[in-house]
Every structure is written in structure tokens, then in C-alpha cells.
Amino acid sequence: MACVSKQRCFFFILALCFWASNCAEFNDIFEPSWAMDHVMYEGELLKLRLDNISGAGFSSKAAYLFGKAGAQIKLVPGDSAGTVTAFYMSSEGTLHDEFDFEFLGNASGEPYIVQTNIYSNGTGNREQRIYLWFDPTADFHSYSFLWNHNQVVFLVDSVPIRVFPNNERLGVPYPKKQPMKVSSSIWNADDWATQGGLVKTNWSHSPFISTYKSFDIDANEYGLNGESRGVNENGSKWWDMPSYSSLSPQQRRMLRWVHRNYIIYDYCKDSTRFSTSPPECAGLRF
């Protein structure tokens, strides 16, 4: 990723060195959210374990309002049917905001499915599903959210796979007021995750392990007391620059490539669920 300013470079480098001995440790930024004995540390790697006793999860200590958050993840190898690994941002409460990557486990030899979803002011049901164009269990790949006043972009290895523009003019709530924590988890969801729940988790293949490294959070941070810590002292934030207000022509081409070749479900086109197309779907073209 090219840095757009000296300050941007500084914070990007800071994010990249979360695991380095002279930089912040995982425990400085994150903490296990449940099943601490299933959160494992192996050098620069963090692993979440799912077995027939428990899954596991972690969450950032701080919350963030606008910016970018991501991680490199290597998904559960082999027969992962019935499992879900989630990487997401979420606020709290009934009227919460949330961005989701949900990696739906697969039977051996089948492609991994990534389900994305967006909640704004407590309203979700905005699922899209794609096949990945690589084996996400063979190596680490980057999954991230870019979020500002104009759009939310889901990125896989810097390729945009989904964009949610600010459509408040159409009466669609947009996530712009609630700071969100960065979280991840792994759990058993064999009632729906693989082929609609037809393929169940085979516990003889457990433990199921998702592996993480190189967390990258460059965002407007809110502390435990709700105060904004910002990312620089003069109030200038890179994500508010005009170049981030919409997708670039190259990004639009990449998004069209993903949708033409890899998308397998789009709520905007599901007339069974929605007799009237959701308002944010009207005229959505890339």
C-alpha cells in the first residue's frame, strides 16, 4: 500500500509492527472475548480454536469511528464444514452498526464462501456471498474494512468485493455515529453455514484452527471513556480525503470483475425475501 503522507506512513508502519518486539503487542490492542483457553499464541501468530467443547473470540479494547481495520488471516484447512470464522466490526446495543466478513466452512475440495453483511442503526439483512478466487487455507490473505463518511468498502488483498455508499438521501441509515470494536471469532454453525445446514460439522476433524497475523488498524480511536483520541493533532484524517470518497476507476473495474465472476448471492436481487427492493439497491452500479 502506498502511503499518502508522512503521517499516514507513520501510522501504517505502526500498524504493521504490532507483533514486533519493540512495538505494541497483541494484548495491548486486543483481548480474548470468550474461551481464553482456546486463544493461542505462537510467536507472531494468533490462533483461534474450535472443538466440540467451545469456539473462541477476541475483540479490540478500543473502539473506532472511521478509518481502516484489517488483518491477515489463514482459514481452517481441510474439511471445515459447519464452522464459521468471522472478522467484523461492531458497536453495542439494539440499534447497533456492524460490518461482517463471515467465512463459511466447506467440505474438502469445495470453494470457501465469504458472506458479508452490514448493519446500520440495527438493520441488517444485507447479505452478499462470493467464492474466493484463491485457496484461503494455503496462505495468509488480507481482509479489511475502509470506512468514512461516504462509503464502507470491504477489501480482500486490496481488491474491493463490496461497497456500501452513504444513501441517507434515500432514507437509508448510514453508520457514522457509533464507534465500533474490531473482533473475530470461530464457532460451530452447522445449522446453516454449509449448504444451508445440510452438511454438519465432523468433530473427528477437530480442532478447527483459524490463524491471524499483521493486524492493521489505522482509524479514529475512542477510548474506554468514549473520548476521541484521533490519529493526529491537527484534525486532518486521510480517510476524509476526496480520493477515498468513492471507488477509483481501477477499483470499480476490480469490483465488477468480482461480481461478474464470483458473486453467488446478493440480497438486492432476492425477490423472494424482498417484494420491494431495498432502497439502497436502487441504481447501484459499478
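Glycine residues also receive a Cβ, built from the backbone N, Cα and C atoms like all the rest.
All annotation found in TrEMBL is predicted automatically rather than curated by experts.
Summarising the annotation, TrEMBL assigns active site, nucleophile to GLU98. Annotation comment: TrEMBL describes GLU102 as active site, proton donor. Annotation source TrEMBL lists domain 'GH16' at 17-212. What TrEMBL lists as N-linked glycosylation site is ASN106. Feature annotation from TrEMBL assigns signal peptide to 1-24.
Structural mapping of features recorded in TrEMBL.
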residue: GLU98; record: active site, nucleophile; contacts (Cβ under 8 Å, 6+ apart): TYR88, MET89, SER90, SER91, ASN117, ILE118, TYR119, GLY124, MET180
residue: GLU102; record: active site, proton donor; contacts (Cβ under 8 Å, 6+ apart): VAL84, THR85, ALA86, TYR88, VAL114, GLN115, THR116, ASN117
residue: ASN106; record: N-linked glycosylation site; contacts (Cβ under 8 Å, 6+ apart): ASP79, SER80, ALA81, TYR112, ILE113, THR194
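Averaged across the domain 'GH16' (17-212), pLDDT for the predicted model comes to 93.
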